[in-house]
Amino acid sequence: MTVVSIMWSLVQVQVLVAVALAFLVGGAWCGPPKVPPGKNITAKYGSDWLDAKATWYGKPTGAGPDDNGGGCGYKDVNKAPFNSMGACGNVPIFKDGLGCGSCFEIKCDKPAECSGKPVVVYITDMNYEPIAAYHFDLAGTAFGAMAKKGEEEKLRKAGIIDMQFRRVKCKYGSKVTFHLEKGCNPNYLALLVKYVDGDGDIVAVDIKEKGSDTYEPLKHSWGAIWRKDSDKPIKGPITVQLTTEGGTKTVYDDVIPAGWKPNTAYTAK
């Protein structure tokens, strides 16, 4: 073996060692640890406070997403009744969209800017950051709402903080709304459900079309949207039955009228 080949072999070994160290330092030792998600948060109330991490995103006094939407499909989280108090729940809170619309009290005690007083937030979006068993990525407005009066901006500068949360019954103060999504057509129904008091989240949607005596289950599409694909035209008026996570069933007779149109909201009476 020549001197040149020996030197080249040494260079190759050094490169391999450098790559291995870079992987260990950059991939395994840097950044926050990956924490597995906690157990799913179900429709139980009056429970003790649970620990979580809180972060925030979007504009400091905004609603979170720039388009006022999010992973639940809502398009108005900056308006009442959400009032920019939206939260991205991690896996056991968002639950692949089945947690959309559920309500939580949140509070923080540290840092000093925290008021310790609970405020209500709504699950409107998702996050998959593995920084804690439970993680709320809050709209800037919602994060600041945990602060003492006048200390909102200082609290937001803290970035990641410890917080406590518990599930509460929703009191939207608005009528249940059924929004037919833009892509709907006579053979395809995509229904966004929002403002459901009580549990807030929906686990089943069944519809009864004009002339039918039986309910047909819709398929969960994504977020708070449920759908039906049909070989025949879907005829109104349509009665909708909602089932919440706690098992409450509510029927909305003929809430979607004959001649229904895409990109239109229909409100329960």
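Every residue gets a Cβ built from N, Cα and C, even glycine.
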Of the candidates Cys100, Cys103, Cys108, Cys114, the one sharing a disulfide with Cys170 in Swiss-Prot = Cys103
With Cys100 as one half of a disulfide in Swiss-Prot, pick the other half from Cys30, Cys72, Cys184.
-> Cys72
Tell me, from Cys88, Cys108, which cysteine Swiss-Prot puts in a disulphide with Cys114.
-> Cys108
By a three-class reduction of DSSP, Cys108 (disulfide bond) is assigned coil
How many helix, strand and coil residues does the domain 'Expansin-like EG45' (69-175) contain under DSSP?
-> 17 helix, 33 strand, 57 coil
DSSP residue counts for the domain 'Expansin-like CBD' (187-268), split into helix, strand and coil = 0 helix, 45 strand, 37 coil
Cys114 (disulfide bond) to Cys103 (disulfide bond): how many Å between their Cα atoms?
-> 21
For the disulfide-bonded residues Cys100, Cys108, Cys170, the one whose C-beta sees the most other C-beta atoms within 10 angstroms | Cys100
C-alpha spacing of Cys108 (disulfide bond) relative to Cys72 (disulfide bond), in angstrom = 26
